[in-house]
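Asks: Please see the structure below; I have some questions.
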Protein chains: 2
Amino acid sequence: MEKVLVFGHKNPDTDTITSAIVYAHLKNATGIEAEAVRLGELNNETKFALEKFGFEAPRLIGNVSTEAKKVILVDHNEKQQSADGIEEVQVTEVIDHHRIANFETAEPLYYRAEPVGCTATILNKIFKEKGVEIPANIAGLMLSAIVSDTLLFKSPTCTEEDVAAARELEKNAGVNVEEYGLAMLKAGADLSDKSLEDLLSQDAKEFGMGDYKVVIAQVNAVDVNDVMDRQGELEELINREIQEKELDLFFFVVTDILNNDSVALALGKVALRAEAAFGVKFENNTALLKGVVSRKKQVVPALTEALV
Amino acid sequence: MEKVLVFGHKNPDTDTITSAIVYAHLKNATGIEAEAVRLGELNNETKFALEKFGFEAPRLIGNVSTEAKKVILVDHNEKQQSADGIEEVQVTEVIDHHRIANFETAEPLYYRAEPVGCTATILNKIFKEKGVEIPANIAGLMLSAIVSDTLLFKSPTCTEEDVAAARELEKNAGVNVEEYGLAMLKAGADLSDKSLEDLLSQDAKEFGMGDYKVVIAQVNAVDVNDVMDRQGELEELINREIQEKELDLFFFVVTDILNNDSVALALGKVALRAEAAFGVKFENNTALLKGVVSRKKQVVPALTEALV
């Protein structure tokens, strides 16, 4: 049987990378040859997690159709967030926690989505259902994913199931989640070695909202001024991207991981709609979004409501 | 909390009706108020199963947006097969065993699809995962669904998991599956009280294949000649439907449940493509399709391959 590739979305984050590694491990443990791969560069948070639990980065791939016939998607389903060439291969499984859109198959498949904060929380269930034990280092990766996606349980996307899964995995992995988790988030929020191009692209996702083409990029920071002090250069880069990709809105969110607020920078021809979306005034293209930390649960629904 | 409605596809079959009843039972057992409803008339097979295990038909609904805000889909996901008004309501869950297409949500949801022969086989797992016991009469409905969708394990859609689930449910329901199953299939294949309009519509599904609009209708029969003796009248009705719905192909499949073959009647401007699809010559618009019993696994892929 030919090897199946397992991967998450473009501009990978910790849940996407670790879930690919974890699910490939589970498939291999149940006798199905699988390899975790990635669609982009690792961020500092993910590097920290992989190093802590002794894993190498998955292999980077380009167009997937030259690599495999069958693939498994984790942590995403929308084709514009997936590998180039995705329409040429058969998606045999999806494990995800996002809305379903721009996704279609010719054949029946295994699709497992649950409205929880993190893919790892679903994977934790699947291990139990299959009766496969979770090794300590794999538990550590899963715990890292939950910490990352829920901002240490503080995001409104976090559910009771995520917290319960994290408590189980914490014991198994042999770390203190609060201590390890904050260290990992801080590693991710260390932006000192990042170019502005990196900041704009490392966690950028594209969305169709009605007829509008929107990119929402997010970075975590310990001090948002580390980023916002360079607003002029940022705007230059963003405006270039708006032109190249014909975007209607580029929404850049810098999230303060200690205070759990975000500062947003909105550019593009419908940028001012963000005022109605969040009920705040944007001055000099920016605004403080109090209590906003989740793209999925807070930013995407608010912008969709305002734009569609 | 407002009641959630649970339903299967239009032109309901036994899996769609019973899975709605069964899953509504499971939701109620876990403290979520749910009602099974249906989108069309029951066929004789489904009536036989409901009567055997002491159930009433679910309530018939029209446009779903006047009935509920939240719905759960079983045994389907494509919107053209779902309730009118489906785009106005929130789909909170899907339990299905078909390909995914023409399906999109704004919010994350619980989506559970597995490539097995029958929705009931997936439901059987979910009962176990939730630790909810299956009452004997509910087990009887689930068994009926598996028998129906797999033609008593003879369809190529039938998996080992379907057989294993049926063996468990058989004990619980207190029936002999071979004996009960054949009686149920024969009840469904009793076409004596059916008008030709009924035959064409009772299990008809519409598919987009490339740019072509295709309807594939299927009926089970003990003697296919009971149906095919009236080919002239059938063609008149089908041609009217092709015109009204602007179809490119109407493919009518009469399946012999004792010999596990089918006779097909193909009409529409791309009807002759069915020759390449099945490697047979159609004479007088009809052909015997040896060993073909499954729309999902045999008819849809073959026609898609020939048309797209």
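Placed from the backbone N, Cα and C atoms, the Cβ positions cover glycine too.
Automatic, uncurated: that is what TrEMBL annotation is.
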Asks: Given that TrEMBL assigns B:H9, B:D13 to the Mn(2+) 1 site, pick the one from B:D75, B:D84 that the record assigns to that site as well.
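Replies: Among the candidates, TrEMBL records only B:D75 at this Mn(2+) 1 site.
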Asks: Out of B:D149, B:D162, which is the one TrEMBL records at the Mn(2+) 2 site of B:D15, B:D75, B:H97?
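Replies: Between B:D149, B:D162, TrEMBL records just one in the Mn(2+) 2 site with B:D15, B:D75, B:H97, namely B:D149.
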Asks: Take the binding-site residues B:H9, B:D13, B:D15, B:D75, B:H97, B:D149 and keep those with a Cβ under 8 Å from any chain A Cβ; what remains?
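Replies: So the ones by chain A are B:H97.
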Asks: How long is the line from the C-alpha of B:D75 (Mn(2+) 1 binding site) to the C-alpha of B:H97 (Mn(2+) 2 binding site), rounded to the nearest angstrom?
Replies: 6
Asks: Would you list, in sequence order, the residues of this chain other than B:D15, B:D75, B:H97, B:D149 that have their CB within 8 A of the centroid of the site's CB atoms, where the site is the one recorded for Mn(2+) 2?
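Replies: The answer, listed by sequence position, is B:G8, B:D13, B:T16, B:S19, B:D96, B:H98, B:G117, B:C118, B:T119, B:A120, B:A145.
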Asks: From the DSSP assignment alone, can you count helix, strand and coil residues within the domain 'DHHA2' (B:181-307)?
Replies: 53 helix, 36 strand, 38 coil
Asks: Restricting to the chain of B:H97 (Mn(2+) 2 binding site) and a gap of 6 or more, list residues whose Cβ falls under 8 Å of its Cβ, or answer none.
Replies: B:D75, B:A113, B:E114, B:P115, B:V116, B:G117, B:C118, B:T119, B:T121, B:I122
Asks: Counting only residues 6+ apart in the same chain, whose Cβ is under 8 Å from the Cβ of B:H9 (Mn(2+) 1 binding site)?
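Replies: The list for B:H9 (Mn(2+) 1 binding site) reads B:T16, B:L39, B:D75, B:H76, B:Q81, B:S82, B:K205, given in order along the sequence.
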